Amino acid sequence: MRRLWMIFLLRQSTALRYSIRQSPSFRRGRLPLPVRSSVHMMKHASSDASSEMWAPTGAPGSLERLCSVSLRACQLMNPLILSIYHQLECESDSNAGVVQKLKQDNSAFTIADGLVQRLLVEILYSQISFRDIVGEEEDECHHVNEDTPKGTLADDESWFTVQGLTIPTDLRPSVESTKATIGALAATHFLHSSETDDGIHKCLGYQHLTVFIDPIDGTREFSTGKGEQCSVCIGFADENGKAVAGVIYRPLSQPKPTWVAGAKAERFAACDFGRDKVIHSFDDRSAAQVHTNIDENKKRGSLLTTNGSISPFVESLIEELQTERVKSGGAGNKLMMLLEQSLFGNHDDGGRALYIQDRGVSRWDTCGAEGVLEAFGGRLMKLTTFLPETMDGENAKQTNNYRDTYTYLASQTNLDFIPGVATITKYNCSPSTKDVQGNHKSHDVNEVKPYSNLCGLVAFGKRWNTPEGIKFIEKAIERAARIHLPAFD
Ligand SMILES: *[C@@H]1O[C@H](CO)[C@@H](O)[C@H](O)[C@H]1NC(C)=O
């Protein structure tokens, strides 16, 4: 029998913080996680981070500490992200094209993508020995020349260009001050360090973790005035490539930034949706099960989808689930919408939010999401897991190393590739792949990008996470797949 779960609600501003630890005394005396409004942060953008009244939660070396400090870094980057966002709005009026460009696959890149990733990787995590860090902009990101000593003029100037885009002069002071505050944050809170052989102080304890970063998830939304749908996604995976913790931060949600963070193994789960009322608790008794009685014949709950076109499979699925389509941008944002509904929606309806798709996102879009969702009692799995064995390519589930979640490890090839399942597109093909137009199923792992999620995804909150709830989703997916097979493109 599990001991009664304790619920702590530490409130500061309108932040809600839940913790479900078995040992209440463990937390005594620790400071709650403060959340500042973006207005406040803008005013203090150039002040020293160490002078701010802020303290991380979680013991040194814990996942919670890692999430807590990472979240704080997101908050410190907020004024800079906001400035770039406003600059983009002005640009789209004048078509100037100074702070954004198109990548090779036609997707948008802004200096925000490059700067946020560099601030996280090169400043915040510079003290930490991770196993690997994988970022969306990794291939193209401008890296500091190894020979350039830190703090020199050349190093400073290297921060003023990102992927060939020059950072406008008026943004440079903000880049400088954000670098400084995040540097101070890292030095203060990641310094339970020991000296390595080569005399460098490194924060130990996280060597087995791989970090997946999407600096701005929803770049298109970010550069088209829908900033409230974009998010910074940071995920942490263990040595087996299993997502174990994550942070998702929406810098531009209104009226203030919103975030979720969690690590299931430490029973750490926290969020701020900008609400001032606590509705959810982790008490199992209050987490009512989803009603799966489809005979009620009325539309309930929602399936989160892109605002663009959806595949015939997802259209069928909406019919089969008798649910409503809710359109929104960004994977991190959809995940937060799902969590918010599952935590705060009314019992009959809210918990029914689902996010299911047969179209590719990438590991950095889902690693943090999976870590957070599991901490809140939900799951993020491969869609292929829900298909009958005759439909999932070459009977992938029979292979020894098949897993129902994506593998979050650095690698040259796609670790979750199933021959014959994914359709090659310009988004998921590796640069050397020629035949993209053919719309063919790939049987060669070298044709696809290493970090494309080629097996689709199914994400649901705690109330679905019962054998009955999962069976219901599985049956609906199977019926929909018999009408239109998932495209896995
Ligand atoms: C979806 O796209 C339409 C047309 O571009 C736009 O008017 C609408 O605001 C978008 N909705 C969302 C949720 O982004």
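Cβ coordinates come from backbone N, Cα and C, glycine included.
For the Mg(2+) site, TrEMBL records D214, I216, D217, D365, and the single candidate of E136, E137, E157, E315 listed with them is E136.
Other Cβ atoms within 10 Å of the Cβ of D214 (Mg(2+) binding site) number 33 in total over all chains. Under the DSSP three-state reduction, D217 (Mg(2+) binding site) is assigned to strand. Each residue in D113, I213, P215, G218, T219, S231, V232, C233, A331, G332, S362, W364 lies on the same chain as E136, D214, I216, D217, D365 and has a C-beta within 8 Å of the C-beta centroid of that Mg(2+) site, without being one of the site residues.
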